[in-house]
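What Swiss-Prot annotates here:
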type	residues	note
ACT_SITE	Asp503	active site, 4-aspartylphosphate intermediate
BINDING	Asp883, Asp887	Mg(2+) binding site
REGION	21-42	region 'Disordered'
REGION	595-617	region 'Disordered'
TOPO_DOM	1-68	topological domain 'Cytoplasmic'
TOPO_DOM	90-209	topological domain 'Extracellular'
TOPO_DOM	231-242	topological domain 'Cytoplasmic'
TOPO_DOM	264-297	topological domain 'Extracellular'
TOPO_DOM	319-414	topological domain 'Cytoplasmic'
TOPO_DOM	436-451	topological domain 'Extracellular'
TOPO_DOM	473-935	topological domain 'Cytoplasmic'
TOPO_DOM	957-962	topological domain 'Extracellular'
TOPO_DOM	984-1007	topological domain 'Cytoplasmic'
TOPO_DOM	1029-1046	topological domain 'Extracellular'
TOPO_DOM	1068-1085	topological domain 'Cytoplasmic'
TOPO_DOM	1107-1120	topological domain 'Extracellular'
TOPO_DOM	1142-1203	topological domain 'Cytoplasmic'
TRANSMEM	69-89	transmembrane segment
TRANSMEM	210-230	transmembrane segment
TRANSMEM	243-263	transmembrane segment
TRANSMEM	298-318	transmembrane segment
TRANSMEM	415-435	transmembrane segment
TRANSMEM	452-472	transmembrane segment
TRANSMEM	936-956	transmembrane segment
TRANSMEM	963-983	transmembrane segment
TRANSMEM	1008-1028	transmembrane segment
TRANSMEM	1047-1067	transmembrane segment
TRANSMEM	1086-1106	transmembrane segment
TRANSMEM	1121-1141	transmembrane segment
Amino acid sequence: MNTSEREPLLDTTTRNRVYDTTDNPSTKIMKREKDNPKAKTTSFNQGKLNIGEETCDLYAYKETIGRQILFWLLTIVTLGFYQLLAYWVKSLFVKVRFQPTSHDECEYVMVEDIHGTQTIKEVFKAESDVGLARPTRSGKQEKVKVMRFFTYRKIKYIWYEKDQEWLNPADMDSAAPFNIYQKLTLDVIGLKEQDVIASRKIYNMNALALALTPILVILFKEVLGPFYLFQCFSVALWYSDNYAYYASVIVIITVGSAAVAVYQMRAQEKRIRNMVGDTISVIVRRDGHDITIDASEIVPMDILILPSNTFILPCDCLLMNGTVIVNEAMLTGESVPVTKASLKEADECGPEIRLSSEHNRHTLFSGTTVLQTRNYKGQPVMARVIRTGFSTLKGQLVRSIMYPKPQEKEALKDVMVFILVLGFIALIGFIYTVIEMVSRGESLKHIIIRSLDIITIVVPPALPAAMSVGIINANSRLKKKKIFCTSPTTVNVCGLINVACFDKTGTLTEDGLDFNCLKAIRKNEDGKPEFTSEFEELDPVKLSAENANLNIVVAAASCHSLTRIDGTLHGDPLELILVEKSKWIIEEAVNSDEETQDFDTVQPTVLRPPPEQATYHPENNEYSVIKQHPFNSALQRMSVIISTPSEHSAHDMMVFTKGSPEMIASLCIPDTIPEDYMEVVDEYAQRGFRLIAVASKAVHLNFAKALKTPRDIMESELEFLGLIVMENRLKDVTLSVINELSVANIRCVMVTGDNLLTAMSVARECGIIRPTKKAFLITHSKTEKDPLGRTKLFIKESVSSSENDIDTDSEVRAFDRKAVLRTATYQMAIAGPTYSVITHEYPELVDRITAMCDVYARMAPDQKAQLIGALQEIGAKVSMCGDGANDCAALKAAHAGISLSQAEASIAAPFTSNVPDIRCVPTVIKEGRCALVTSYAVSKYMAAYSLNEFLSVMLLYNDGTNISDGQFLYIDLVLITLVALFLGNTEASRKLSGIPPPRRLATSAFYFSVFGQMFFNIITQTTGYLLVRGQSWYVPNPEELDNTTTMIGTTVFFTSCCMYLGYAFVYSKGHPYRRSVFTNWLLCGIIFVIGAINMVMIFTNMGFLMNLMGFVYVPSTSMRFILLAISLAGVFLSLLYEHFFVEKVVAIHFESYLRQRRLRNGDPSLSAYEKILAAIGSSPRWFEDEINLSKSIDRKETIESKC
């Protein structure tokens, strides 16, 4: 096949929508251009880069000699400081280093994503005299002599001059019509060598190449952070001032924290690389020959020969012939084998049809496991490669893990603001010190060192390390509870969680379904059908006793898609349970060659009842399944054709169909359905049971006609046989955990792939739908449109478990674009297809629907991640708990992803629980709250300590003296380091409080606390200072003595030491997020020991201690008691101030007042989530002012709503 005739295939590469195989990519491209007028280049060097549904800004640059000289000149003049700033701020780098230019001739591009992350990439050129064939949207190839490209986040982007866009070649393949793929099934020759070479220049290798970043590079990036550099500056200053001991301690702490950070990054890289796995050898057909190559050498449009043994697919491909049974657990999270059909069985379609989810039954996805292949004798099973490398399904998953959404920068911003405030104070002290020392005639070196020393005192270099103490302790406690964290910084974020999302199956409920009962059909005295009583077994004896139709047993044993692989039945656990309950015997071909190669002959599965049931099937003890119509989610059913030959006819056959109660009822003859059918169905559904309706009909056809008769004809005019009731039990802890979270005002949300009815039932059972609230279902009509041509939406009431689940009698009204529900005393539920309609056609409703819906059913994996993103967009702090690989994208997107799995999901999530239930969620939140408030407390403690020490130094500088090195060392190393180290050792509260912790560090309560303590410091130290100076026995420091060994310095030291210890109690608040400080026996022990040492220093006159600390003996014992009393009074006032004024008045009343005022004024700093909830909660009839429409909905007095 000639390269120019290649017709490449579709790609659905996204980052936010990792598993998106539902949308037409070419439509997405056109939609983006239509919706975004800036999709084209808006200025000569600015453009847009489309990555799935994310649009990044793109800027084009080139190098010039003059700008390079300017760049290096600035670097030299600033002693490298400019280079450092340019490293932190990429835009500053490109403004000096590069010259803006057009994209047609650029040498570099800067990509800025929607989160503001900037990345500079070099543009490369590929040239060929014979021309390079690159894909186009039409599916054709166009030849160019020069191709310009760059690689961003593992994906190659090529410059298309005509379109004036950078495009991913795999995305361009996506525009090819689907009928092209169908035509390619006739080509079994494969690519020629020149085609392969040409493809490799366009597409990257089929390998998820993840080279480990060198440790030195990781370390270099880590230590170039502002905090690390400030620590280096401080340490250098201290060493130059002979303050070596504390400097060495800071060095040890800094090196340790950097080592931990490097280790965590390297461990994460290794985990991702292990997930990718090694490459394998595969067989491809090229130029008519089957050759074995490494999987990394596969290119798009290769023909892959699928082996009959189990193996993992290395790429995405379309099945050309035969059938393949695959395990798509990596895609769907369900380990149920799926049968894939070849393209030859696909319906003929026109050029307007693109690859979509409707064609997934022909698509084999990378990372999924092939269990079995079947084809005609002597012919291999072949598949056409359509996506390779990071464009595949698995590649998208890996990229979503490698390039996650960055954590919110609010906390870092608050810390920086706080440091700037301290820096301003330090600047005042710096100026004062310079003026004071110049006036005293100090040397220039002394002035510089002492002035800079003020900065290191006020802005503590150990602040980042101290703030991480709570995180380290929380991680340690989580590990003891078998919860493992790969991203420690996420722990603090967990303390802010206010929305907890859960998958259903395997997370809230047990993994599998259990058989509950059977309700068969019998004829009553009037000959009308009615339900029998419940049967706990598929027992013909008991069924016969009630004159039930025994065909329901045959249906349970035969109507399934189970497959025998290596002698063992594999398939849907539900079907395995039914076959086991029936006790029937299933016989298939026993030889592997027979299993996989005799696909061209009719080789039916044979079913036999057990010997003890033979008397109940006298006419036929052997049944043959001659055809299977697999389950189709759109049709909501599956069916089989069973040959039941008798002595009267060899053409007797039965069709058995099972599916959803609604669908099966619509296919049955009405006279065969009991009158109370819907009442019975609703009764079971609202109790959380999964119902399977079963029906049958007899047909008289020969084998050939039976195989060719259309499915819709075979599945019509059925006789209803009964209902099979399956139970998906809640896990033991689910109800208590959901209740604990709800009581703590943490919103619980179910996000599941199950149907809406079952999801609502389970949600009510576990407490997500609260019994005190009404619930409403948002649905849509596939056929009805509103006046604007959009899909029509509807709202129904779902009532309590004591009534029917869906109120079908209530008035159902259209849901208009301006409609919103008016009361906070309700909850909502929605299915994935309806949610998709809203996001695409009613974008203005997305925020309110996202804020109010608590049950999301029929959600695809990409929709789960989309929902998490929508919740984050309105300002919610979201956790996601799931157990399947289909939850990976959502786990990674959430602020706190918690995996209950050890597979792919555990790699995507920062938390993994070895206890497979949701009790880990409140545990993580409690530990997160504890770590968060500990970080706040340590921040305030370090700030109070710094300001305390700053005041001491300022007082002593005024007296021409300073704190001695021994005193500095005791304060910094013993008082502060030890206390800060154990301050975070207080455990989390056992109860999850209903009051959330402060969302930000920089609150009014924080600053009132820090500066209030500063005020008490000033009073305490100044009082002691003035008292001692006013005594008759006070002797000023002689000029010939060291100016750090003074009586006034000793006095200031004594008074400040008590304040340091007092802060440990002031900032060790327990309730409601931590346990009492007295449970932290290590901290209490440290405080007791240090307090005793302080008493010894104040009241004794030991020579070695006086010399070591630089003390001057205070001759008056009464004055020492007075100094102690002043210090204790200061501590007591600090405690009262913090407890009563800061925590009661400021944190509660003043903060509440500010919050209410911001809500009234529509402050943009408040999240949309808060505004929506506040509006609904404060005014139950708020919508009437906007819509001026209300109407009571039927007898149940449901909500008044403009629909």
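Glycine is treated like the rest: Cβ placed from N, Cα and C.
These figures come from a predicted structure and were not determined experimentally.
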Discussion item. For each of Asp503, Asp887, count the other CB atoms within 10 A of its CB; which of these recorded positions has the top count?
Written reply: Asp887
Worksheet item: Between the transmembrane segment (1121-1141) and the transmembrane segment (1047-1067), are there at least three Cβ pairs closer than 8 Å, leaving out pairs fewer than 6 positions apart?
Response: yes
Worksheet entry | Distance [Cα-Cα, Å, rounded] between Asp503 (active site, 4-aspartylphosphate intermediate) and Asp883 (Mg(2+) binding site) | 8
Discussion item. Using a Cβ cut-off under 8 Å, which residues of the same chain at least 6 positions beyond either end of the topological domain 'Extracellular' (436-451) come close to it?
Written reply: 237, 240-241, 430, 957-958, 960, 962
Worksheet item: For Asp883 (Mg(2+) binding site), which DSSP three-state class applies?
Response: coil
Fill in: DSSP state at Asp503 (active site, 4-aspartylphosphate intermediate), helix/strand/coil
coil
Worksheet item: Can you count helix, strand and coil residues in the topological domain 'Extracellular' (90-209) using DSSP?
Response: 32 helix, 47 strand, 41 coil
Fill in: Long-range Cβ neighbours of the transmembrane segment (963-983) (under 8 Å; 6 or more residues past either end)
242-243, 245-246, 249, 462, 466, 469, 934, 937-938, 941-942, 945, 949, 952-953, 956, 1042, 1044-1045, 1049, 1052-1053, 1056-1057, 1060-1061, 1063-1064, 1067-1068, 1080, 1082-1083, 1086-1087, 1090, 1093, 1108-1110
Worksheet item: In this predicted model, what is the average pLDDT of the topological domain 'Cytoplasmic' (473-935)?
Response: 79
Worksheet entry | Helix, strand and coil totals (DSSP H, G, I; E, B; other) for the topological domain 'Extracellular' (957-962) | 2 helix, 0 strand, 4 coil
Worksheet entry | Cβ neighbour count (within 10 Å, all chains shown) around Asp883 (Mg(2+) binding site) | 25
Response to the item:
For the topological domain 'Extracellular' (264-297), the DSSP residue counts stand at 16 helix, 12 strand, 6 coil
Item to complete: For the topological domain 'Extracellular' (957-962), find every same-chain residue at least 6 residues outside the stretch whose CB is under 8 Å from a CB in it, and list them.
Response: 432-433, 436-437, 440, 450, 1037, 1043-1044, 1046, 1048-1049
